[in-house]
Each structure stands twice: as structure tokens, then as C-alpha cells.
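Scroll down for the structure; my scribbles are underneath it.
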């Protein structure tokens, strides 16, 4: 239980519920403040809101006392029946708020990576909503006819049903520009298309109603920076790691189907920054690098899944590498995976 006076605890909750961040995501309270043209909210309504109910316990005078101690941030009306944030009042910013704000901000390089992805991606709508995951290949093939596709996401609603729209990431903004200039149709149905960044900006304005939208820093989200290569010849994974590590730390390395090709994980540098570091030809000692496409990402995804499987149990279970399904008693060919 807090040692702070109850009025100060209530004031902290008022600062929290009226913060720009909360108003941007808390539609219920935002609409409550908009019901009155002068943005008054009745003390009775405050008293039943979850974060106030346990503090006030029916005594709305505590809300009045909290407003009186707010240094002009909050006020009650003459009848002392309603409360509002004083128009133009600045948010109270504590040291804890500052620390939390900094912790919630994503790394600038991650933000830059997302921006780069959005600028080479499109939003496209007009596909049959009856499509399920089995239609993923058909959609991928459709967009591969327009350019080199890095990722494709079928957008779904809360019930996991396809919404008839996709996000498609191409290999460059130039490719996106060419695609958006076309009037594409899918099985006779015209598609509505726009730059993904424009779509995000449009939706942010609709959802947050003029309040600046801030990306949050999801610590659990893994940002897989992947780069694809070719021209490796007979170089082994160790040689490739040593070569790339001269520029930036490297994680997992996997081979692709064509000789001398593969995909690798960049531990610290974004793919765009790495390619810029290599110069306009994107070459390093005979190897050529490019953004990882769908097939390369799928190979890396399976590699990550296998590694999680190894950590979760003995050899990732039967049938996986090191499991019983590999053929007991048969000699195993030694692979150079380093």
C-alpha cells in the first residue's frame, strides 16, 4: 500500500488518465471527455472508473481535494459536481515518467529499419475474403510478377479471417513506385493500392485524432535483420562469418538452394545500413549482397524454429536434427556448418 496521501495518489491517476498516451489508446475515456463541449466529466463517473474506484470508495470529495492540489492542472466546476483538465495545462512529468518514456522508445536503428520497410512496401485491397492460408502462394506469385518480393502479409481480423488486403514489401522504393503506377486486377477485381507508409499515417490520424502516434518498444519482439548473399563459392560458414564480422557482428548463417548463395543474420546493423556500407555495388571480396527475399527468410525462419526446439527439449524432438528420426546406427555425413 502506498505511503502517499490518498489525494496525491488520485492526482497521479488523473495525470495518467489524461496523458496524451492514454487518450490516444483509451477510446472509452476519450469519448467520455468529449461528451461535454467543455470537456467536463462528472465526479460520479470518475468514482466508478477502475483506477479511481478503489481510491475514492464513493467519496467524491477526494477528487475535489486532488484537483485543488494539482497546481492548476485540474479544476472542478462551481457546483463541485464535475472535473476536467484545465485547457492548455501541461502534463505533469515525473522522473519515473521520463524513465518509462525512454524505456518504451524503440532503438532509433529499429525505427529507421521500419521506415525503410514501409517506404518499399504497399498496401493492397480487393482480394477475395474467402482466401485462407492456402491462397498465400497464389498471392505471392501474383506480386512476384511485379518485382522481387521480400515479404507478404495477409491481413486478418480478430477472428483470424482474411480481410481481403495485404502488405507487400518489395526490394526498393523504385519498384513500389512502378507498381503503384499500374492498375492491377486480381481475377478481374481492381485493386486499391497505396504506399504502406501513407496507409499507416492515414490510420494513425483516424485512430489517434491528431495526437502524435509513438511506436512502443516491444522487448519480446525479435528484430531479425537478414541479408542475402551470392558468389560465396566454396567458402564455409566460418569463412563467411569472419569476412562479414570485419564490418558488423553476424549471427546465424544458412545456405540456400543455389551454389554459393545463402542468408545470414546481422546482429547489430540493419540490412539497409549494411548495404550502404558496402557501396553502390553491394560487394565484399567477390560476394554480392541484397535484401533477403521470401525464400531466404523462410529458410532462416525454419533455422530459428529449430534452434528454439533444441533449447526446449532433447534435440528438438524426434525426427529433427539430433533426434531419433535421423536414422539410428547409420553413419552421419559430417557437414561443414561451423
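Backbone N, Cα and C define each Cβ position, glycine as well.
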Name the residue range among 2-27, 28-53, 54-79, 80-105 that TrEMBL annotates as region 'Disordered'.
-> 80-105
What average pLDDT is reported by the model for the domain 'HTH La-type RNA-binding' (1-94)?
-> 88
